[in-house]
Amino acid sequence: MTLFNCVPVHRMASGFYPDPSVCTMVDGSYLAVSSSFEYFPGLGLHISCDGVHWTYVGAALTRPDQFPYEAMGNSQGIFAPTIRCYRGTYYLIATNVNKGTMILIADNPKGPWSQPLWIEDWPGIDPSLFFDDDGTVYICGNESGREEEAGIYLSRLDIHTGKILSARLRICSGITGSNPEGPHMYKREGMYYLVWAEGGTESGHMENIARSTSPWGPYEFYPGNPLITNRSTHLTLQAIGHCDFADFDSDRTLMVFHGTRNNDEYPAQGWIGREPYATWITWKNGWPDCSDQSYTCSFNGDGQALEERTDWVTPGIDSQHRYQVCLCGFGDQDGGRNNIYNAVIHAINQDFSLAAGPPLIGFRQTNPRFSWSATLNTIWQDLDRLQGDTSGNLLRAGLVLYANSHFYVELSASAPQGSRQGRNTRDIRLLVHQDGLISLVGSCLVSGHTPLNFTVKGNDRGFDFFAGDTLTGLKDLGFVPGRVLSFSHAGGFTGTVLGLFAHGKGTAEFKNISYTIE
């Protein structure tokens, strides 16, 4: 693609909030929702008065009974939601790939949101809702895999019961035939418009648009398709697509989409995840006037207020209430304030798989350049009872940079297993896990009686790790390149989470947990 007109866009939220959907609220403000996959609370919500500045207002999935699976696999859970406001009521439709398609309903977007209304006989993912002028409600989505041809499918829906009211008809096969997904339908000046993503969600990602006099088609493709893409460019913002629109029938329309931040050293290897962006568009000859445009953003940040958020999540539901995090104060950073937290983790014997429940609690990485620190204040464990224990119950606790259960980096401490020396020393290790391959980057021995300090510093290339006790100070344990956790290397649909963990038997107490943007 040739760069004709490079348009700056606004980042709506930092960290992985992919597959954004947007609607106009009752008061004229804008409400957006994003995919959350296996993480809980899920379906994060952002509100904006102007389409430029967005504020996190909570999540739609906040109760365990809304999220029927305590444990699930990597990048499972909640896919590609759509948010719509119709006659003062908010409807949120999404796929829980572990169960099916569901609708949540609320009178206030800040909640509470209803229990899921499950839609029978609607396979596939990426569902969307369209409310026509006569009150007819349509559901559209993409194919269910091997059972159907690739494309976008449409049916009528009873929004109150979740019952499908008509045959499931394929209305669009896409342009390239490569992963047509994430459809949305709108109406403008009597014409029905269909938008959908195509080309996969990596470097070939794009968005297309078509229109028809009927929701059932046939559809006329926009001659300037793809509507948006940054493929084959050198721009920082890559893999853009999965669009949605608000004020579609106005002269000025809000467009949201997701993309990944990349740099020259690691092209197409961003590790923060897919983030949501917004821009305003106009119309020309019945089509969005987006032809010959590329989109760009800064690699580092849109300000501390946006990027220093620490909304704590777990992969899966913490049904045993093993993780407790509390705000304990504020720190000063260049004239601003960042939150300081304490945390207590009641460990069980587990690894970083999700089978035994959440292996960590953490928050999204929101900027390549950051400083993240915590003090492992206390590890409570009966070392005498564990002396000679070879069952893996010896407690290990620390920090983890987590892409998924197969790709993560841990900076952790424990007593050497099976040794009386454990009363006086603890070993700290920096380990990189890559799909079963474990690499020791650095290690050191420290006092067994003093709190341990951990620090991770992020930069444009990756992460530097430091650790030590409060007596001897921090030691440089090494550098890990960000590509280890990148979208293209680690796979999956999420991004990097900065987490705390404790595995084994015992309890770990963390103090002075701080995250600041450098």
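Placement of Cβ uses the backbone N, Cα and C atoms for every residue, glycine included.
Just so it is clear, the model here is predicted, and its values are computed rather than measured.
The number of other CB atoms found within 10 A of the CB of ASP19 (active site, proton acceptor), across every protein chain shown, is 29. Taken from TrEMBL, the feature active site, proton acceptor covers ASP19.
According to TrEMBL, the active site, proton donor annotation covers GLU181. For GLU181 (active site, proton donor), other Cβ atoms within 10 Å of its Cβ number 26. Under the three-state DSSP scheme, GLU181 (active site, proton donor) falls in the strand class.
For 352-515, the entry in TrEMBL reads domain 'Beta-xylosidase C-terminal Concanavalin A-like'. Model confidence over the domain 'Beta-xylosidase C-terminal Concanavalin A-like' (352-515) is summarised by a mean pLDDT of 87.
For ASP19 (active site, proton acceptor) paired with GLU181 (active site, proton donor), the C-alpha to C-alpha distance reads 11 Å.
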